[in-house]
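J.: So Swiss-Prot lists these for the protein:
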type     : residues : note
ACT_SITE : 109      : active site, nucleophile
ACT_SITE : 133      : active site, proton donor
ACT_SITE : 273      : active site, proton acceptor
DOMAIN   : 32-155   : domain 'AB hydrolase-1'
MOD_RES  : 2        : N-acetylthreonine
């Protein structure tokens with residue numbers, strides 16, 4: 001039986017980006033292996049996976065702006081924490097961290113959109129991409145199970161503010177509802193900590209679902225996803241697809257589509273959306289094997 005560690009991995013470090021302090025983990029030496037979380041999580045999501053990669057490179061996990069231990073934006077409001085703003089902060093942090101070449105990306109949720117976008121812009125610097133429950137193509141509402149569809153349609157309506165900013169629905173309901181096991185109070189409190197204060201401190205958890213590329217909106221995110229998708233479906237960049245069973249956002253036609261990507265290895269692990277909380281051992285072992293294979297092929 002898997003033992004689920006509750007302590008964060010590594011020691012938090014901080015860099016100032018555009019006047020805001022951003023938090024990250026940076027452990028070990030060698031070529032970078034970059035773990036990127038999405039909504040509403042933080043680098044804490046990777047705590048039971050990163051240890052599997054020790055000795056295989058420099059392990060980096062960043063907290064997105066307004067999330068984890070990174071600063072909040074001020075003033076805040078409906079126009080803050082868009083995909084573009086999050087990207088600008090994260091890419092500036094990655095630049096400041098000097099990730100070098102031969103980067104391996106490990107991506108989940110919105111971290112996948114950010115990572116796929118960065119990889120598409122830095123194709124010669126990326127050695128391989130591992131991804132799980134990722135944003136691989138624009139979606140339609142028909143792709144969403146009815147029970148979840150209603151909640152996410154709510155986020156994209158005027159009800160989104162009370163749902164997320166007052167009631168903290170994304171952290172209190174969506175997160176635990178997309179994990180097979182029950183998180184301990186200590187684990188939940190790690191995820192709650194950045195969003196303890198009601199109101200605008202919780203804005204990132206609302207801006208993210210409003211940025212999801214669904215039924216053609218928002219147009220700029222749909223265009224971006226189509227741009228990196230067009231590259232991923234033809235590039236021989238090595239890929240590891242960690243398929244979640246039953247999964248949440250890579251299911252049905254989207255799962256069939258992503259299986260068409262070239263030079264891709266696939267494993268299946270138990271999990272809904274936050275698969276790292278259900279299958280860390282399997283995920284960590286698979287990523288370690290993937291990285292060893294990449295390094296071996298490169299003669300490292």
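A Cβ is built for glycine as well, from the same backbone N, Cα and C atoms used for every other residue.
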J.: Give the residue counts of the domain 'AB hydrolase-1' (32-155) per reduced DSSP state, in the order helix, strand, coil.
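T.: The breakdown for the domain 'AB hydrolase-1' (32-155) reads 50 helix, 27 strand, 47 coil.
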J.: Rounded to the nearest Å, what's the C-alpha distance separating residue 273 (active site, proton acceptor) and residue 133 (active site, proton donor)? Just drop the number here, would you?
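T.: Spelling it out, the Cα of residue 273 (active site, proton acceptor) and the Cα of residue 133 (active site, proton donor) are 6 Å apart.
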J.: How big is the gap, in Å, between the Cα of residue 133 (active site, proton donor) and that of residue 2 (N-acetylthreonine), rounded to a whole number?
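T.: With distance taken Cα to Cα, residue 2 (N-acetylthreonine) is 21 Å from residue 133 (active site, proton donor).
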J.: Among all protein chains shown, how many Cβ atoms are found within 10 Å of the Cβ of residue 273 (active site, proton acceptor), not counting that one?
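T.: Excluding its own Cβ, residue 273 (active site, proton acceptor) sees 24 Cβ atoms within 10 Å.
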J.: What is the total of other Cβ atoms whose distance to the Cβ of the residue listed as 'N-acetylthreonine' is within 10 Å?
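T.: The residue listed as 'N-acetylthreonine' is surrounded by 11 other Cβ atoms within 10 Å.
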J.: Rounded to the nearest angstrom, how far is the Cα of the residue listed as 'N-acetylthreonine' from the Cα of residue 109 (active site, nucleophile)?
T.: 23
J.: If you count Cβ atoms within 10 Å of the Cβ of residue 133 (active site, proton donor), leaving out that atom itself, what do you get?
T.: 25
